[in-house]
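Quick look at what Swiss-Prot lists:
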TRANSMEM  17-37  transmembrane segment
TRANSMEM  71-91  transmembrane segment
TRANSMEM  117-137  transmembrane segment
TRANSMEM  141-161  transmembrane segment
TRANSMEM  184-204  transmembrane segment
TRANSMEM  212-232  transmembrane segment
TRANSMEM  268-288  transmembrane segment
TRANSMEM  310-330  transmembrane segment
TRANSMEM  366-386  transmembrane segment
TRANSMEM  388-408  transmembrane segment
Amino acid sequence: MGQNFSKKSGNDLVSRIVFTILILIVCRFGSFIPIPGIDSIALSSVAAQNQSGILGMFNMLSGGSLGRMSIFALAIMPYITASIIIQLMSVAYKPLENLKKEGEVGKRKVNQLSRYLTVLLASFQAYGVAISLESIVTNTGPVVILAGFFFRITTVITLVVGTMLLMWLGEQITQRGIGNGTSLIIFIGIISGVPSAIISMFELSRKGALSPLIAIAVCIGVVVLIAIIIFFERAQRKLLVQYPKRQVGNKIYGGEATHMPLKLNTSGVIPPIFASSILLFPATLANFSNSNSETMGMLTYYLGHGKPVYILLYVALIMFFSFFYTAIVFNSEETANNLRKYGAYIPGKRPGKNTSDYFDYILTRLTVIGGIYLSVICVIPELLMNKYVISLSLGGTSFLIVVNVVLDTMTQIQTYLFSSKYEGLMKKVKLKN
């Protein structure tokens, strides 16, 4: 009976993995379906000229969908942005914060708000894309075959539906598959661009534009970079938490000690994405509007990849968002109150404000190290891309996303296998009894 249970659990895991793979294949197929009214030849020339900047980054996150202007061109980014905005608002807006504390019902309401905001953001972005496409004219002709109201409305509807479909597919993976659906959709998009980036690098090496030694050094550097990311993403500070002893009759219960793990990089991959988006916005605006103003030209130049001003601002923004997002993810005061509620305490620290201040002290030190780690991981590839013209799909942000998603998915699979074995063991014990 125990063997049958174990076999059933194994089959369930396999079916979840197969389901996840099938959904991701659907996402890849959708990224090749173009929106109506686009001249693909003219569009490909525009995409080739905008491989850097925020367009290149979003094209990387969408798995090339933006460059092909497919139905998934906006990718799942409006949903992620909406979720982050709701998260930020829950800190500043008290009713929303109270809603999050209402358990499962409150969680469903917050998710519904995120969906409404996703539709709104996707609509604005889709309309902006439609207007921008209409203004682009290449040597082969305009990108839009027949500009006008009909093209704009069909583009908005198509792109919004594409984003909502991706959001729904991501939720299906989370519920019925394995891993976080949203993260896996971004992951598969980034991975899809890696082969072309490798081919491009070897082509540069073959033509003599890139030294073979440099190409080998880049490959070794990638392995080292992945190892560093794994080390820092797994690194954590464990705080000792003591529970009081309780006497029930003649027996004493409790009194055990446990550990509260605090991640070194609590903010995750959000700071580099936000920092890149802010810094590359002027260049994107100039590209879309075809602006020839001197001010816009200076901004575009100084905020170009690898420029000293860009690097300094990039590091400053990464550090800022590291602290900002860590404060949202980990609420020191709330955690300290929860410990006091259950009678737990940090040895040597009084429950309440003293414990909260201690959490803030530890988190500040961890966030400084985490912010420096994120800055180094993101800045070094930027400098290499600027010097050796390496594809953006090999950037620091993409490495962070890929490694984090792989680690999280592996952890979930291990947890699933462990829980299945535990359930099988408990079933055996019940049968024997």
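Residue numbers in this text run from 1 along the chain shown.
Backbone N, Cα and C define each Cβ position, glycine as well.
Contact between the transmembrane segment (117-137) and the transmembrane segment (71-91) is supported: at least 3 Cβ pairs lie under 8 Å, counting only residues 6 or more apart in sequence. Two recorded stretches are said to be in contact when at least 3 C-beta pairs lie under 8 angstroms, sequence spacing 6 or more; the transmembrane segment (212-232) and the transmembrane segment (71-91) fall short of this definition.
Of the ranges 17-37, 184-204, 310-330, 366-386, the one with the most Cβ pairs under 8 Å to the transmembrane segment (71-91) is 17-37.
Remote same-chain residues near the transmembrane segment (366-386) are listed as 52, 218, 221, 225, 228-229, 232, 237, 262-267, 271-272, 275, 305-307, 310-311, 314-315, 318-319, 322-323, 326, 392, 394-397, 399-400 (criterion: CB distance under 8 Å, separation of at least six residues from the stretch ends).
Taking every listed stretch (17-37, 141-161, 310-330) in turn, the largest tally of C-beta pairs under 8 A with the transmembrane segment (184-204) is reached by 17-37.
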